[in-house]
Amino acid sequence: FCRKTSKEAQSTTATRILSTLLSIFLFTQVFGLSSVAQVVLGKGNTGHYLSINMAFGIGVTLGIYAAGKISGAHLNAAISITQCVLGNISSTTLVAYVIGQFLGSFLAAATVFALYYDALYDYTNGNFTVTGPTATAMIFSTYPASNVSLQGAFFTEFTATVMLILGILVIHDEKNNGAVKGAQPMLTGMLVLGIGLGMGLNTGYAINPSRDLPPRIFTAMAGWGMDVFSADHSWWWIPVTAPILGSLFGVLLYKLCIEFHNQPTHETEPEKEQAGTETS
(Lines of atoms letter the chains of each structure in order from A and count residues from 1; the text may use other names and numbers.)
(Lines give C-alpha, C1' and ligand atoms only; values in the text may rest on other atoms or scores of the structure.)
Protein backbone atom coordinates (compact mmCIF):
# COMPACT_ATOMS: atom_id res chain seq x y z
CA PHE A 1 0.00 0.00 0.00
CA CYS A 2 2.92 2.36 0.66
CA ARG A 3 4.69 4.10 -2.19
CA LYS A 4 7.29 6.80 -2.51
CA THR A 5 6.42 10.11 -4.12
CA SER A 6 8.68 12.66 -5.77
CA LYS A 7 7.87 15.17 -3.07
CA GLU A 8 9.20 12.84 -0.37
CA ALA A 9 12.53 12.50 -2.17
CA GLN A 10 13.18 16.21 -1.70
CA SER A 11 13.78 15.87 2.02
CA THR A 12 16.01 13.44 3.88
CA THR A 13 14.92 11.03 6.55
CA ALA A 14 16.91 12.99 9.13
CA THR A 15 15.11 16.20 8.16
CA ARG A 16 11.73 14.55 8.60
CA ILE A 17 12.70 13.19 11.99
CA LEU A 18 14.11 16.49 13.22
CA SER A 19 11.23 18.64 11.99
CA THR A 20 8.65 16.27 13.45
CA LEU A 21 10.58 16.02 16.71
CA LEU A 22 10.83 19.80 16.98
CA SER A 23 7.17 20.46 16.28
CA ILE A 24 6.05 17.76 18.74
CA PHE A 25 8.62 18.67 21.41
CA LEU A 26 8.65 22.45 21.39
CA PHE A 27 4.99 23.04 20.77
CA THR A 28 2.32 20.37 20.85
CA GLN A 29 3.40 18.27 23.81
CA VAL A 30 5.23 20.85 25.92
CA PHE A 31 2.27 23.23 25.71
CA GLY A 32 -0.24 20.48 26.40
CA LEU A 33 1.49 18.52 29.14
CA SER A 34 2.64 21.60 31.02
CA SER A 35 -0.93 22.93 31.05
CA VAL A 36 -2.13 19.67 32.64
CA ALA A 37 0.69 19.84 35.18
CA GLN A 38 -0.25 23.40 36.06
CA VAL A 39 -3.89 22.51 36.62
CA VAL A 40 -3.19 19.35 38.66
CA LEU A 41 -0.28 20.64 40.73
CA GLY A 42 -1.91 24.04 41.21
CA LYS A 43 -4.99 22.26 42.60
CA GLY A 44 -7.27 24.13 40.23
CA ASN A 45 -5.98 27.57 41.19
CA THR A 46 -3.77 28.06 38.12
CA GLY A 47 -5.97 26.73 35.34
CA HIS A 48 -9.00 24.65 34.51
CA TYR A 49 -10.16 22.08 31.97
CA LEU A 50 -10.67 24.81 29.37
CA SER A 51 -7.08 25.99 29.71
CA ILE A 52 -5.82 22.46 29.02
CA ASN A 53 -7.85 22.23 25.82
CA MET A 54 -6.72 25.66 24.71
CA ALA A 55 -3.07 24.79 25.36
CA PHE A 56 -3.27 21.63 23.27
CA GLY A 57 -5.02 23.54 20.48
CA ILE A 58 -2.36 26.26 20.52
CA GLY A 59 0.38 23.64 20.59
CA VAL A 60 -1.05 21.83 17.57
CA THR A 61 -1.40 25.11 15.68
CA LEU A 62 2.20 26.15 16.31
CA GLY A 63 3.49 22.66 15.58
CA ILE A 64 1.84 22.67 12.16
CA TYR A 65 3.13 26.15 11.40
CA ALA A 66 6.64 25.05 12.44
CA ALA A 67 6.90 21.89 10.37
CA GLY A 68 4.13 22.14 7.81
CA LYS A 69 6.29 23.02 4.82
CA ILE A 70 9.23 20.81 5.75
CA SER A 71 7.52 17.52 6.58
CA GLY A 72 3.81 18.12 6.17
CA ALA A 73 3.50 18.48 9.96
CA HIS A 74 2.93 14.83 10.76
CA LEU A 75 2.16 15.11 14.48
CA ASN A 76 -0.12 12.10 14.81
CA ALA A 77 1.02 8.51 14.30
CA ALA A 78 -2.53 7.35 13.51
CA ILE A 79 -2.82 9.84 10.65
CA SER A 80 0.68 9.05 9.40
CA ILE A 81 -0.19 5.35 9.28
CA THR A 82 -3.40 6.18 7.43
CA GLN A 83 -1.46 8.24 4.89
CA CYS A 84 0.86 5.30 4.33
CA VAL A 85 -2.04 2.89 3.82
CA LEU A 86 -3.50 5.32 1.27
CA GLY A 87 -0.17 5.40 -0.56
CA ASN A 88 0.54 9.06 0.08
CA ILE A 89 3.80 8.40 1.92
CA SER A 90 6.25 5.50 1.82
CA SER A 91 6.90 3.05 4.62
CA THR A 92 10.37 4.57 5.08
CA THR A 93 8.89 8.01 5.51
CA LEU A 94 6.30 6.61 7.92
CA VAL A 95 9.06 5.17 10.09
CA ALA A 96 10.88 8.52 10.08
CA TYR A 97 7.74 10.38 11.11
CA VAL A 98 6.90 7.94 13.91
CA ILE A 99 10.46 8.06 15.23
CA GLY A 100 10.33 11.86 15.29
CA GLN A 101 6.91 11.84 16.94
CA PHE A 102 7.91 9.37 19.64
CA LEU A 103 11.26 11.00 20.41
CA GLY A 104 9.69 14.46 20.53
CA SER A 105 6.86 13.31 22.79
CA PHE A 106 9.24 11.47 25.11
CA LEU A 107 11.53 14.51 25.39
CA ALA A 108 8.54 16.76 26.02
CA ALA A 109 7.45 14.55 28.92
CA ALA A 110 10.98 14.65 30.33
CA THR A 111 11.07 18.44 29.96
CA VAL A 112 7.75 18.95 31.75
CA PHE A 113 8.88 16.52 34.47
CA ALA A 114 12.04 18.56 35.03
CA LEU A 115 10.14 21.85 34.81
CA TYR A 116 7.65 20.84 37.48
CA TYR A 117 9.78 18.43 39.51
CA ASP A 118 9.73 20.56 42.66
CA ALA A 119 5.97 20.98 42.45
CA LEU A 120 5.54 17.26 41.75
CA TYR A 121 7.65 16.33 44.76
CA ASP A 122 5.78 18.75 47.02
CA TYR A 123 2.36 17.61 45.77
CA THR A 124 3.11 13.89 46.21
CA ASN A 125 5.74 13.94 48.99
CA GLY A 126 7.98 12.10 46.57
CA ASN A 127 5.50 9.24 46.05
CA PHE A 128 4.58 9.21 42.36
CA THR A 129 1.36 7.24 41.88
CA VAL A 130 -1.05 6.41 39.09
CA THR A 131 -4.17 6.35 41.27
CA GLY A 132 -5.18 7.83 44.58
CA PRO A 133 -5.70 11.34 45.97
CA THR A 134 -2.26 12.55 44.85
CA ALA A 135 -2.07 10.71 41.52
CA THR A 136 0.03 12.53 38.95
CA ALA A 137 0.51 10.04 36.10
CA MET A 138 -2.43 11.65 34.28
CA ILE A 139 -0.28 14.74 33.77
CA PHE A 140 1.69 12.89 31.12
CA SER A 141 -0.69 10.30 29.62
CA THR A 142 -4.42 9.74 29.44
CA TYR A 143 -6.44 7.54 31.78
CA PRO A 144 -10.16 6.76 31.57
CA ALA A 145 -12.72 8.11 34.01
CA SER A 146 -13.63 5.72 36.80
CA ASN A 147 -17.18 5.26 35.49
CA VAL A 148 -16.15 4.34 31.93
CA SER A 149 -15.78 0.74 30.74
CA LEU A 150 -13.01 -0.39 28.42
CA GLN A 151 -15.57 -0.75 25.64
CA GLY A 152 -16.84 2.76 26.26
CA ALA A 153 -13.30 4.11 26.39
CA PHE A 154 -12.41 2.41 23.12
CA PHE A 155 -15.50 3.78 21.40
CA THR A 156 -14.74 7.27 22.73
CA GLU A 157 -11.19 7.28 21.37
CA PHE A 158 -12.36 5.73 18.09
CA THR A 159 -15.14 8.29 17.61
CA ALA A 160 -13.00 11.27 18.62
CA THR A 161 -10.35 10.26 16.09
CA VAL A 162 -12.99 9.83 13.39
CA MET A 163 -14.05 13.41 14.06
CA LEU A 164 -10.41 14.52 14.00
CA ILE A 165 -9.61 13.02 10.60
CA LEU A 166 -12.93 14.16 9.13
CA GLY A 167 -12.18 17.71 10.25
CA ILE A 168 -8.66 17.57 8.86
CA LEU A 169 -9.90 16.28 5.50
CA VAL A 170 -12.54 19.00 5.32
CA ILE A 171 -9.97 21.69 6.10
CA HIS A 172 -7.52 20.42 3.45
CA ASP A 173 -9.88 19.28 0.68
CA GLU A 174 -9.18 21.64 -2.21
CA LYS A 175 -11.86 19.97 -4.33
CA ASN A 176 -14.47 20.95 -1.78
CA ASN A 177 -14.33 24.09 0.38
CA GLY A 178 -10.81 23.64 1.73
CA ALA A 179 -9.31 26.45 3.77
CA VAL A 180 -6.46 28.60 2.49
CA LYS A 181 -3.08 27.18 3.48
CA GLY A 182 -2.23 29.94 5.92
CA ALA A 183 -5.38 29.28 7.93
CA GLN A 184 -5.16 25.48 7.98
CA PRO A 185 -2.95 25.20 11.10
CA MET A 186 -5.18 27.53 13.10
CA LEU A 187 -8.33 25.69 12.05
CA THR A 188 -6.74 22.35 12.94
CA GLY A 189 -5.88 23.71 16.37
CA MET A 190 -9.50 24.82 16.77
CA LEU A 191 -10.59 21.34 15.70
CA VAL A 192 -8.50 19.78 18.48
CA LEU A 193 -9.92 22.32 20.92
CA GLY A 194 -13.46 21.41 19.88
CA ILE A 195 -12.82 17.68 20.30
CA GLY A 196 -11.43 18.31 23.76
CA LEU A 197 -14.37 20.44 24.77
CA GLY A 198 -16.92 17.93 23.55
CA MET A 199 -15.29 14.50 23.91
CA GLY A 200 -12.69 14.78 26.63
CA LEU A 201 -14.69 13.60 29.65
CA ASN A 202 -14.38 9.82 29.22
CA THR A 203 -10.73 9.38 28.29
CA GLY A 204 -8.97 12.71 28.05
CA TYR A 205 -9.02 12.43 24.22
CA ALA A 206 -5.60 10.99 23.41
CA ILE A 207 -6.59 10.60 19.69
CA ASN A 208 -2.90 10.09 18.94
CA PRO A 209 -0.64 7.11 19.81
CA SER A 210 2.45 9.32 19.73
CA ARG A 211 0.86 11.74 22.19
CA ASP A 212 0.09 9.01 24.74
CA LEU A 213 2.55 6.10 24.58
CA PRO A 214 5.98 7.84 24.78
CA PRO A 215 5.09 9.87 27.91
CA ARG A 216 3.69 6.67 29.44
CA ILE A 217 7.01 4.95 28.83
CA PHE A 218 8.77 7.93 30.39
CA THR A 219 6.62 7.83 33.52
CA ALA A 220 7.31 4.11 33.88
CA MET A 221 11.02 4.94 33.90
CA ALA A 222 10.78 8.11 36.02
CA GLY A 223 9.22 6.68 39.18
CA TRP A 224 5.62 5.69 38.50
CA GLY A 225 6.56 2.12 37.61
CA MET A 226 4.69 -0.43 35.54
CA ASP A 227 1.38 0.63 37.06
CA VAL A 228 1.11 3.06 34.14
CA PHE A 229 0.53 0.01 31.91
CA SER A 230 -1.52 -2.18 34.25
CA ALA A 231 -3.83 0.50 35.66
CA ASP A 232 -7.50 0.58 34.62
CA HIS A 233 -7.46 -2.97 33.26
CA SER A 234 -4.39 -2.33 31.09
CA TRP A 235 -6.01 0.66 29.44
CA TRP A 236 -2.76 1.77 27.75
CA TRP A 237 -3.31 -0.14 24.48
CA ILE A 238 -6.60 1.62 23.70
CA PRO A 239 -5.09 5.09 22.98
CA VAL A 240 -2.68 3.28 20.65
CA THR A 241 -5.07 1.14 18.60
CA ALA A 242 -8.39 3.03 18.70
CA PRO A 243 -7.00 6.20 17.05
CA ILE A 244 -5.46 4.17 14.22
CA LEU A 245 -8.71 2.35 13.51
CA GLY A 246 -10.69 5.56 13.92
CA SER A 247 -8.47 7.40 11.45
CA LEU A 248 -8.80 4.65 8.83
CA PHE A 249 -12.57 4.51 9.28
CA GLY A 250 -12.85 8.30 9.13
CA VAL A 251 -11.06 8.41 5.78
CA LEU A 252 -13.35 5.69 4.41
CA LEU A 253 -16.40 7.61 5.66
CA TYR A 254 -15.19 10.85 4.08
CA LYS A 255 -14.56 9.17 0.75
CA LEU A 256 -17.99 7.51 0.71
CA CYS A 257 -19.94 10.57 1.80
CA ILE A 258 -18.03 13.49 0.26
CA GLU A 259 -14.93 12.82 -1.84
CA PHE A 260 -16.49 10.35 -4.28
CA HIS A 261 -19.27 12.87 -4.91
CA ASN A 262 -16.97 15.81 -5.67
CA GLN A 263 -17.39 15.98 -9.43
CA PRO A 264 -15.32 18.33 -11.61
CA THR A 265 -17.17 21.60 -11.96
CA HIS A 266 -18.53 22.38 -15.43
CA GLU A 267 -19.49 25.99 -15.95
CA THR A 268 -22.72 26.60 -17.82
CA GLU A 269 -22.93 29.26 -20.51
CA PRO A 270 -24.64 31.81 -18.21
CA GLU A 271 -21.98 31.17 -15.54
CA LYS A 272 -19.20 31.69 -18.08
CA GLU A 273 -20.84 34.88 -19.30
CA GLN A 274 -21.22 36.15 -15.76
CA ALA A 275 -17.61 35.28 -14.98
CA GLY A 276 -16.49 37.22 -18.05
CA THR A 277 -18.56 40.21 -17.04
CA GLU A 278 -17.10 40.18 -13.52
CA THR A 279 -13.59 39.95 -14.95
CA SER A 280 -14.26 42.94 -17.20
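Glycine too: its Cβ is placed from the backbone N, Cα and C atoms.
Annotated in TrEMBL:
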- 21-41: transmembrane segment (TRANSMEM)
- 47-67: transmembrane segment (TRANSMEM)
- 94-117: transmembrane segment (TRANSMEM)
- 148-171: transmembrane segment (TRANSMEM)
- 183-207: transmembrane segment (TRANSMEM)
- 234-254: transmembrane segment (TRANSMEM)
Touch test for the transmembrane segment (148-171) and the transmembrane segment (234-254), at least 3 Cβ pairs under 8 Å
yes
Segment-segment contact (the transmembrane segment (21-41); the transmembrane segment (183-207)) at 3 or more Cβ pairs under 8 Å:
no
Per the Cβ under 8 Å criterion, with at least 6 residues separating them from its ends, the transmembrane segment (47-67) contacts 19-20, 22-24, 26-32, 34-36, 38-39, 73-75, 184-186, 188-190, 192-193, 196-197, 200
